[in-house]
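J.: Handing you a structure now.
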């Protein structure tokens, strides 16, 4: 009997131990699940907060970029308006750039503006006055350079400029395209254009000029690519006006180069007759002034003589 009771006590104690172990395991599992749930919830909250911060940053960057390209659109529209007013308002106004290529010096204006903007960087003022001065300077120099070309050449140059400008901006904004593929695309396009030019039936002078134009515009587009990437990723709010002016000056430089390339008169310009047309105008004006002064003197002398005779 004692043995049976002992066995029963042992069995009951083992059962209690088993129950305690099971309850302990259940409790541990519950705690582990709670900890995992809290970890998952914390991770989810961190992910949600990170996503919200990224969304806010993206919205801010988009607003900055929209302001830059909005100013660029305004600048371009003003330049087109000034050139159109000069062409349509004064259709007889022209300039013999073959005999006097001095207006071609206006094509250096975008280079000077880009140099002033790039070299001064953060020290350059960025306000409405600077914006208006640069836009007026580039717009009126573009209108002056257009006097060397006809309206169809100007429109063709503008279309080609916008095509190159938009294509470069599109490649710069394509984040999924790796830098290797971008460089390969740029290099292959440049080489294809140069090979096509060399294989054409143009004279060697024209081929040389076209190759130089291709290389020069390629360098401009490479710099433009870096400027667009800076605007898309790192540009602060205080540089909105400056960055729009950089894009505008680059666009103007491409247009000036393309306009000169498509104007055959420039290729045979007489560089030894620089400012000769202005000198002729000055001589003609001086001649008219002298003749007018002489006629006034003669008329007054004649009137005095007649009064004395009378």
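Note: Cβ is positioned from N, Cα and C throughout, glycine not excepted.
Keep in mind it's a predicted model, so treat the numbers as computed, not measured.
Here Swiss-Prot flags 1-28 as region 'Disordered'. Annotation source Swiss-Prot lists compositional bias 'Low complexity' at 1-13. The transmembrane segment annotation in Swiss-Prot covers 68-88, 100-120, 125-145, 147-167, 185-205, 208-228, 246-266.
Tell me about the setting of these features in this model.
T.: Counting same-chain residues at least six beyond the ends of the transmembrane segment (68-88), those with a Cβ under 8 angstroms from any Cβ of the stretch are 131, 135, 138-140, 142-143, 146-147, 151, 154, 158, 231, 235, 240-241, 243-245, 247-248, 251-252.
Long-range contacts of the transmembrane segment (125-145) within the same chain: residues 71, 75, 78-79, 82-83, 86, 103-104, 106-107, 109-110, 113, 238-242, 244-245, 248-249, 252, 255-256, 259-260, each at least 6 residues beyond the stretch ends and with a Cβ under 8 Å from a Cβ of the stretch.
Listed as Cβ neighbours of the transmembrane segment (147-167) (distance under 8 Å, sequence separation of 6 or more from its ends, same chain) are residues 80, 83, 86-87, 93-95, 97, 103-104, 217, 221, 224, 250-251, 254-255, 258-259, 262-263, 265-266.
Listed by sequence, the residues of this chain that lie at least six past the ends of the transmembrane segment (208-228) yet keep a Cβ under 8 A from its Cβ atoms are 164-165, 168-169, 171-173, 182, 186, 190, 193-194, 197-198, 202, 243, 246-247, 250, 253-254, 257-258, 261, 267.
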J.: With Cβ-Cβ distances below 8 Å as the criterion, list the same-chain residues six or more beyond the ends of the transmembrane segment (185-205) that contact it, or say none.
T.: 171, 177, 211, 214-215, 218, 221-222, 225, 267
